[in-house]
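Trainee: According to Swiss-Prot, the record shows the following:
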- 37-214: domain 'EngB-type G' (DOMAIN)
- 45-52, 72-76, 92-95, 159-162, 193-195: GTP binding site (BINDING)
- 52, 74: Mg(2+) binding site (BINDING)
């Protein structure tokens, strides 16, 4: 699923995410975005795919990002910042694909996300979270097209890997990699994670360290 990652990147990722991570900003509209500064890495995905749980698992803080059992509850861009020497912000994006949301609300979220993606020079990558039990859906493919148009680098992360048999997960990774061949802005490697067991978190942290190194 992933090639062997440099142990130094794994260790640097562990140290950075063991530091003090905290909430800094919530933006319900493009006009209320925080000033650009640190490198930003955003997390997108369908409602209840596990974005908040993944951010909590990454940082080792159970309550940093609020999790909700109500799909579509996160309606803002939520910014978190790490230790001063990290130079990194994490952005929890509004969940998409919640059928019960009103058309006006969906339009508002869509506008916010599109403007954020197209006008944020500090945005290094978007991790698009896909439920590992189900794989890519049409609504996910729509988001990938949006990212392609915005020329924003993105990578797929299959979540809830602990709830899928190993052989089935491997097949899902292969199918996802094949689908990404049609998307020019997609990073060709697919990551798998479990917020419950911590599987895949060291590799995801290491990938972020590598991104930071590339931006410096």
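Including glycine, each Cβ sits where the backbone N, Cα and C put it.
Show me how these features fit into the structure around them.
Mentor: In this structure, residue 48 (GTP binding site) belongs to neither helix nor strand by DSSP; it is coil.
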Trainee: Measure from the CA atom of residue 52 (Mg(2+) binding site) to the CA atom of residue 193 (GTP binding site) and give the result in Å, rounded to a whole number.
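Mentor: Cα of residue 193 (GTP binding site) to Cα of residue 52 (Mg(2+) binding site) measures 13 Å after rounding.
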